[in-house]
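S.K.: Below, the features straight out of TrEMBL:
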- B:294-311: compositional bias 'Low complexity' (COMPBIAS)
- B:99-278: domain 'ABC transmembrane type-1' (DOMAIN)
- B:292-311: region 'Disordered' (REGION)
- B:20-38: transmembrane segment (TRANSMEM)
- B:50-71: transmembrane segment (TRANSMEM)
- B:77-96: transmembrane segment (TRANSMEM)
- B:103-126: transmembrane segment (TRANSMEM)
- B:146-172: transmembrane segment (TRANSMEM)
- B:213-239: transmembrane segment (TRANSMEM)
- B:259-281: transmembrane segment (TRANSMEM)
Amino acid sequence: MSDNPYPAVPTAPAVRAAALYKAFGRKPLDTVARLRAGAERGSLPAEQTAAVIDATFEVKRGEIFVVMGLSGSGKSTLIRMLNGLLAPTSGTVEVAGTTITGLAPKQLRAVRRQSVSMVFQHFALLPHRTVIDNVAYGLEVQGVPLEERRARANTIIGIVGLAGWEDKLPAQLSGGMQQRVGLARALAADTDILLMDEAFSALDPLIRREMQEQLVELQAELGKTIIFITHDLNEAMFLGDRIAVMRDGRIVQIGTPEEILTDPANDYVAQFVQDVDRARVLTASSVMEPARAIVSLSAGPRAALRTMRDLQTSAAYVLGNGRTLLGVVRDRDVIRQVKNRETDLSLVVRHDLSAVDADTNLSDLVEASVESDLPLAVVDSRTRLLGVIPRVTLLAALGNVSSHTGEVPVMIDPPATIPVDVVTETLLATGGPTEPADAALEGSLR
Amino acid sequence: MIPALLPSTPPTSPVIPLGPWVEAFIEFLTETLGWFFGGLRAAFGGLYDVVDLALAAPPFWAVIAVVTLLGLYLRGWLFAAGSALGLVLIVLLGQWGNAMDTLALVLVASAIAIIVSVPLGILAARSGTASAVIKPILDFMQTMPAFVYLIPALILFRVGVVPGIVATIIFAMAPGVRMTELGIRGVDKEVVEAAHAFGSSPARILRQIQLPLAMPTILAGINQVIMLSLSMVVIAGMVGAGGLGGQVVASLNRIDVALGFEAGLSVVILAIILDRLTAALGRPRTKLFRRTPAPDAAADAPARAAEPVAA
Ligand SMILES: Nc1ncnc2c1ncn2[C@@H]1O[C@H](COP(=O)(O)OP(=O)(O)O)[C@@H](O)[C@H]1O
Ligand SMILES: [Mg+2]
């Protein structure tokens with residue numbers, strides 16, 4: 001979905017995890033052996049804990065990769081293996097092409113300084129240091145001289161909106177501001193990869209939303225690779241380019257938010273996504289249906305009228321070259337043209353239709369849908385018609401019910417305003433027999 | 001019957017010769033490591049002489065002035081005045097020289113105890129194994145009656161101030177180790193983890209994060225070390241350490257109530273001054289500097305008093 005900010009060389013993925021296992025408690029290797037032999041997490045003895053089981057995934061450069069799961073599902077353990085804070089019991093982790101598993105402590109520290117920084121749930125700021133010295137901490141560890149690191153920290157402090165607070169201690173700041181410091185500290189370290197463990201979970205809902213939006217903006221601006229942990233599905237869906245859903249230590253599905261929502265891998269995921277705020281996640285392109293009432297401008301009024309008659313609808317979308325959406329025609333206008341034996345359909349094309357971009361969130365479609373008696377036309381960046389969203393479909397998607405379950409086909413187009421007989425008579429009276437070739441356009445977007 | 005097989009009374013002399021074993025061990029130490037203990041004796045003795053000289057050589061009023069200024073800096077004028085009065089009282093009781101000897105012993109023993117105990121505490125905080133080994137040893141050292149290690153200390157270091165210093169160090173060390181470990185373990189785990197996550201080395205984390213954040217607890221431990229050292233003064237006096245402790249021991253031998261009280265009161269005065277001074281170390285620089293904003297608060301007070309009192 002997002003553009004790759006590292007288009008230059010197709011290098012290694014930002015992070016690659018291969019068959020990661022992490023067991024706590026007694027005999028971790030034995031725990032892993034049992035799990036490999038098919039044991040479930042629940043069937044292990046009490047003194048053996050399997051926190052992460054067989055996790056394999058890749059995080060692309062510049063993407064926001066979200067790991068989502070309930071508390072205790074192993075998210076924190078997983079993310080701590082990605083920067084070596086925890087060593088995997090089995091499996092390997094690669095960061096920007098370097099295998100960090102089994103690296104000596106000194107080299108591991110170098111990887112952390114250069115490639116991976118982290119934001120923590122409870123901020124984890126140094127309580128005895130001012131905001132600016134907290135933000136500059138990563139640079140300090142990297143050995144950047146005082147003046148330079150202060151200058152760089154200052155810039156980042158401005159970016160996260162904390163200007164004027166440089167000399168305060170963390171305890172003098174609100175939770176939201178403290179986490180801005182946490183974020184600034186990670187950004188100032190200037191690593192390509194950012195790990196965020198429930199970074200917004202401790203914040204009030206409003207502050208949280210604000211931070212989420214700011215994170216998305218920052219990511220678009222700075223092109224960091226972000227691995228974001230959350231137990232909140234809405235947050236996952238809002239932030240994630242891709243989401244890994246974890247359950248009891250295992251990754252049960254990896255996919256885009258829409259894939260997870262519309263095509264859950266199993267009942268667990270399906271149940272999980274049941275009460276997500278779908279309006280914020282789903283986009284026009286994920287719920288649209290093929291447009292049926294479409295005519296080509298060059299086909300003329302007779303073809304348009306016939307299409308509308310066959311579909312029993314009062315309006316049709318008019319497409320130009322390359323399927324560009326030109327507008328709509330109404331049956332009343334077209335039948336008048338046919339009666340007058342006019343041939344230029346463009347004279348009656350109306351441009352007052354609602355066309356929406358394919359990436360628009362459903363929440364932003366509701367108003368347009370209410371105001372329009374036509375299904376919303378979904379277009380791409382070059383205004384080519386991709387599909388339509390009838391109001392029924394939009395409501396069904398928002399309510400998470402299928403619009404195709406009923407036996408009676410749902411009426412999705414505006415109903416005809418002129419009786420079929422009248423139309424047929426008009427066509428017969430004004431021209432030859434029906435020209436079947438014209439029907440070819442119909443449904444071609446399926 | 002089983003009871004019939006057992007002796008009717010417990011033995012009154014040891015069946016297991018644990019005591020003789022320890023005795024043999026001490027004997028072995030004197031024979032093989034005599035040079036080592038000789039060296040320690042010289043070092044501790046030398047250190048004591050230097051500190052004692054520094055305290056006893058200058059005129060008493062100069063020492064009192066220094067302590068008073070320190071009190072003013074760390075706690076405020078009230079405490080400074082109290083300290084000055086107390087020290088003048090010691091002078092008037094004729095115990096000044098003895099008090100300085102005692103102070104020298106306490107300072108030297110505390111300093112060595114701190115130098116040994118803080119690193120031990122750091123070690124215990126970093127390794128669970130070290131902690132598990134150190135804890136019972138500390139318990140043993142602190143609960144074993146202090147007189148008991150006076151005996152081997154006497155054998156190893158001979159009569160004088162040094163066995164007193166050694167016994168004091170052993171007895172007073174425990175809180176230094178415990179509070180250091182407690183303080184470092186009490187530092188927010190996530191903060192330490194964050195430092196690791198940014199690639200800090202363990203030494204840097206200790207220096208920049210763990211020690212500064214644990215400092216109030218460590219200083220509380222140091223305060224306890226000093227207080228325990230002072231409580232050993234009389235026992236040290238018994239092995240010939242002199243000072244106020246020597247006076248108390250002498251008054252005990254002579255059943256001299258007057259001397260006992262004078263020396264005892266001097267110990268109390270020293271204890272209070274040392275306690276309050278070291279307790280203030282952990283807090284931010286005080287009164288003297290807090291005085292500045294204080295007028296605001298004072299200005300509020302009359303205003304509040306002027307408000308009508310609700311019935
Ligand atoms: N240091 C540890 N020692 C023992 N068990 C642990 C440790 N850390 C995590 N666990 C266990 O591993 C499981 C996963 O924990 P965690 O990764 O913190 O989950 P999450 O972040 O998803 O809430 C939990 O059952 C937890 O109790
Ligand atoms: Mg967690």
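A Cβ is built for glycine as well, from the same backbone N, Cα and C atoms used for every other residue.
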S.K.: Does the structure show the transmembrane segment (B:146-172) and the transmembrane segment (B:20-38) touching, where I'm treating 3 or more Cβ pairs under 8 angstroms (sequence separation 6 or more) as a contact?
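M.R.: Contact between the transmembrane segment (B:146-172) and the transmembrane segment (B:20-38): present.
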S.K.: Considering only the recorded stretches B:50-71, B:77-96, B:103-126, state which has the highest number of Cβ pairs under 8 Å to the transmembrane segment (B:259-281).
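M.R.: Out of the listed stretches, B:77-96 contacts the transmembrane segment (B:259-281) most.
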S.K.: Do any residues of this chain, six or more beyond the ends of the transmembrane segment (B:213-239), have a C-beta under 8 angstroms from a C-beta of it, and if so which?
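M.R.: Distant contacts of the transmembrane segment (B:213-239): 102, 105-106, 109-110, 113-114, 117-118, 121, 146-147, 150, 153-154, 159-161, 163-165, 167-168, 171-173, 175-180, 182-184, 186-188, 191, 245-249, 267, 270-271, 274-275, 278-279, 281-282.
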